[in-house]
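TrEMBL has this to say about the protein:
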ACT_SITE  314  active site, nucleophile
BINDING   187, 188, 189, 190, 191, 192, 193, 210, 241, 259  S-adenosyl-L-methionine binding site
DOMAIN    85-387  domain 'SAM-dependent MTase RsmB/NOP-type'
């Protein structure tokens, strides 16, 4: 007589997007990273480490001294010096080998051996020549969790440095911009990588594009805060859908950076706002690899023959990383008759292992893993050459 029905909630309890993201990563990355996942997971859930990208357009001498007193070092300068030592060692080794062969051989055979030696030396030199000494970024040593002070303006109102995940500079360094290159940053906002490209001081022309008008405003704000007016006026800021870029300006750039929208793994496990793991964004998240593929294809088609593209994400997901690269290479060949060569970036692992933790089992490209002692990343990057 006193029985009653239990009242059921009309809606299921809301699970925070951050928890959904972590559950998704536990399911997938534990299979991909295996025994490395527990330490990477801890890194993702702890405070991110930053680097201070020095603004060459501001007076930075006193800033350099200030940071060095705090025991911060320019990790790019250190890698550049390491690369030079490796080049010198390789050149000396090849020269010695060439001389030895010359003494043993004679005539035509000697010429061929010497040519091979020179070619090998040049290849070795080129392999380590992609570290721009013009870009300066200070980081604290492994295990040091000191925070940088906020950036300050100089007498002209330009801020002295830009705080960013130092691993975000690796795709820019991999792009290896040369004097007078026409460069496209296809998904440029909020502007850290665009600013780094300008710090090289060698771009013949830089186009910075982002589909979002609000994010493009943020890009303009960054440029105004860090770059003198006469330099800003050489940058074309556009707000096009990057997927349609080939229709706007195809085959015109020497270098293209394609830093695509992704699951932004660190943000997804730490922040509720604008989280792609919100239930209402499920479809958008599922479509990410397709969007990334379309943007990469647009980047390839925007590049001149012989030009180079660097693809990057801040995700650990192979579906958003290697699989996108493999599919783009296939489509370029079958649908556009374009041959793509994947560049070997393994020397980045050697040059930057003192600053970052790298995943050694990437099939294509390189991947920086978050780690408590060096809590940068995740950052995936892969370099392609359009033949």
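Glycine residues also receive a Cβ, built from the backbone N, Cα and C atoms like all the rest.
Note that this is a predicted model, so its numbers are computed, not measured.
Counting in whole angstrom, residue 191 (S-adenosyl-L-methionine binding site) lies 15 from residue 314 (active site, nucleophile) by their C-alpha atoms.
Within the same chain, residues at least six positions away from residue 189 (S-adenosyl-L-methionine binding site) with a Cβ under 8 Å of its Cβ are 210, 212, 215, 216, 218, 219. Rounded to a whole number, the C-alpha distance linking residue 241 (S-adenosyl-L-methionine binding site) with the residue listed as 'active site, nucleophile' is 20 angstrom.
Taking the Cα atom of each, residue 193 (S-adenosyl-L-methionine binding site) and the residue listed as 'active site, nucleophile' are about 13 angstrom apart. Residue 241 (S-adenosyl-L-methionine binding site): 14 other CB atoms within 10 A of its CB, across all protein chains. Max Cα-Cα distance over the annotated S-adenosyl-L-methionine binders (187, 188, 189, 190, 191, 192, 193, 210, 241, 259) is 20 Å. Same-chain residues at least 6 positions away in sequence with a Cβ under 8 Å from that of residue 314 (active site, nucleophile) are, in sequence order, 165, 168, 262, 264, 265, 266, 377, 378, 379, 380.
Taking Cβ-Cβ distances under 8 Å and a sequence separation of 6 or more, the neighbours of residue 187 (S-adenosyl-L-methionine binding site) in its chain are 209, 210, 211, 242, 258, 259, 260, 261, 295. Per-residue confidence over the domain 'SAM-dependent MTase RsmB/NOP-type' (85-387) averages out at a pLDDT of 88. Cβ-based neighbour count (10 Å, all protein chains) for residue 193 (S-adenosyl-L-methionine binding site) stands at 24.
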